[in-house]
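Asks: Quick one: the structure is below, and I'll ask about it shortly.
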Ligand SMILES: Nc1ncnc2c1ncn2[C@@H]1O[C@H](COP(=O)(O)OP(=O)(O)OP(=O)(O)O)[C@@H](O)[C@H]1O
Ligand SMILES: [Mg+2]
């Protein structure tokens, strides 16, 4: 646009210049021509007029000479006549020559000539008459007035010629004036046009200039925006010219390459940077030879990454530019690599969790069958103590398997938890006697008291388990004795901490730290301790599930666990449990009381899809004198309820039933028909309808598989007793559907 305007302005000025020059040249030429012609015409007219005047004078002189002679008769008076006569003839000739180019003058001269001749003849005649005849004869001739008439006619012709010449002269002058005026106007118009054109050209130049100014301002703005963008990047950018000299860069370019300021300036050669970095970092940037060998195509880049001596990691990208130069883009990959490692670790743990959770579920069903049958057989072998011993051993192994499965479920974050507000300031000191007994004399246990501790939200039994696991690990790390310290603190984990640790929600936490003065761990061990089955202990000494359980439990409770360890110095494991907004309730110490069996048999509807589990459950229940109705799925259970509607006192159902009716649906249908029938769920796996976010729904009774005979009976009797006392407080039955329960003693 600007270029176009400037070109147009240039062309206009050029055309105007040529036009004005042509105009001025033409006008000047015309003026010169006119002046020359005017000068010639004026000269000619003056000559003609002068000749006419001279002719007049010469004629008068000739007449004067003639008169003088006629009066005196003396020849001396004839001298003017004599000199004038020749003069008259000469002047007449001259006049003819001068005025020959004018037809009117030519006519006048043609008329003048004969009269002039006659006049001259008349003069000569009178002079001859005076000389030869005498004065009178001469006067007679004069008095004829012929001479005078000739003179009058000559003067009239000469006057006419004079007049004509004056007119011609005036005409020429007028023409010259007119032409001069025209030329003047022409010049004025030319000047005005030139001025307009110049103004127009100036306007165009002005526009071009302001366009250029705006463009320049825009370019300056774009340049400053680019500069700011470049400097705001967290990537380092260095631009190299085709001759491989640094021409542009940002602050990160210098900081990521850790280059001295003096080296980062316009014109620094690429080789200088390569050599400088080679000294401190070894082979870092591509060498000149490598640059020559690998020339990426347009829109392609060469990417490579380097580990710096300070442990950071940089990705370097070389992208070609159309002019033959290239751009180096440096990205700090340290944080991303760390974040990826954290993510990978958490994904790995989740994957292992899912796998182990699935295995644990199936395993629990099998263990239920094994344990149940062993216990049944055991109860029948009162007379064979040897066999009973063997059965006991098999039961012990099965229970051990159940503990492992429970730990696996804990790691998989799939154990049913009943989180409640816990006051750690009382719960932890309560544990100390148990720990002292378990860990042995050689370990000095210290509990550091702390005032104003926030209540924590967690499952108290599982927390005890976790602390016990940590204490056992500490004991194993201190075979020659040492100190175990249990501390607590209120901790606020902020956004920054949460950003650096996956699965951490910022907020208030109550922290329990278990520290030992044992042999500690190397970092590569620390990075793996939460994996299930990871153990450094000798075969048979450790399962590698202790910390996995702790990890799963804390995560399932919405907390966070962190481990710090120094080889030969000791280890600290910190459990961060979410702060409870409610205050902790005083915990009632659970005492295992003997089960009081009902005096008359209650009827239990057992719904379980696994035949072996169903059979052993039925056998246990029957062994304790309960009446049992059993079903393999929800639909069958519902049918049986219909046929035995008044008989059933308790529904014992698996949570995960095949078919449309799951355990919970079945319980709801039973509640609709018989609201007084309590429900006990069985489950080997908790990711289902009665456990939400790792917590049992309120009012839900659940027994985890595998269960022991005693546990099952204790739960059933407990539920039946609760149910009986509830219905006893409800004075009267409320409707026809309600069937009064048999009385349960105790
Ligand atoms: N306090 C500690 N000091 C040193 N090493 C520890 C400590 N706690 C755990 N470890 C290391 O972590 C590994 C895993 O611990 P974890 O509790 O998960 O399994 P384990 O103790 O080996 O087996 P288990 O707990 O089933 O008996 C241990 O084998 C041990 O190497
Ligand atoms: Mg352990």
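Using N, Cα and C of the backbone, Cβ positions are placed for all residues, glycine too.
TrEMBL does not curate its annotations; it predicts them automatically.
TrEMBL lists 358-581 with the feature domain 'Histidine kinase'. Annotated domain 'Response regulatory' per TrEMBL: 603-720, in sequence order. Here TrEMBL flags 654 as 4-aspartylphosphate. Marked as region 'Disordered' by TrEMBL: 725-746. Per TrEMBL, the feature transmembrane segment maps to 6-29, 183-202.
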Asks: Could you please provide the mean pLDDT value for the domain 'Histidine kinase' (358-581)?
Replies: 90
Asks: Is it possible to get the count of other C-beta atoms within 10 angstroms of the C-beta of the residue listed as '4-aspartylphosphate'?
Replies: 26
Asks: Same chain only, please: residues at least 6 beyond the ends of the transmembrane segment (183-202) with a C-beta under 8 Å from a C-beta of the stretch. Say none if there are none.
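Replies: For the transmembrane segment (183-202), the list is 9-10, 12-13, 15-17, 19-20, 23-24, 27, 30-31.
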Asks: Under DSSP, the domain 'Response regulatory' (603-720) has how many residues in helix, strand and coil?
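Replies: Here the numbers are 46 helix, 29 strand, 43 coil.
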